[in-house]
Amino acid sequence: MATELSLSVQYGVADARLPRWRLRRWVQYALAGAAGDGHAGLAGAELGLRLVGLAEGRRLNREFRGRDYATNVLTFEYGTGPDGVARGDIVVCVPVLAREAREQRKTLLDHAAHLTVHGTLHALGYDHIKAGEARRMEALETAVLARMGIADPYLAA
């Protein structure tokens, strides 16, 4: 995991299960996975990661995506500069994350790891709008999570 990482973690809501060190570790795994998937020239990443509640999650989703509900993860990709450093912000709505984990019969930590990896990959330019892009991104997420000992998040529980 050689890619340099500057990660700013902000807590709009606190959750003792999601300390900075754990979030940082998940982001580092995602960066390592991306480096092995064609992002070898990535010199580093400067990312913000904010954990929010329902009201803030809903406001941000409405303001930036025109959708009036809180979503699980929002990513703002700012691109990779000439210095090879990718920049972006990731917002995880903790109540949505917790609800989805229960509904999907996953542990909160496994689902939080998945959403953190997913958001990090978006910050690096991955997307899932087109079918081919979605397959590539989901395969990479699955591989990264497997390295962490987490089951394929796309298999039905």
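For all residues, glycine too, the Cβ spot is worked out from N, Cα and C.
Taken straight from Swiss-Prot:
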- His118, His122, His128: Zn(2+) binding site (BINDING)
Other than His118, His122, His128, which residues of the same chain sit close to Zn(2+)? List them in sequence order, counting a residue when its Cβ is within 8 Å of the Cβ centroid of the site.
Val73, Thr75, Gly119, Leu121, Tyr126, Asp127, Met137, Glu141
Hey, of the binding-site residues listed (His118, His122, His128), which one tops the CB count within 10 A?
His118
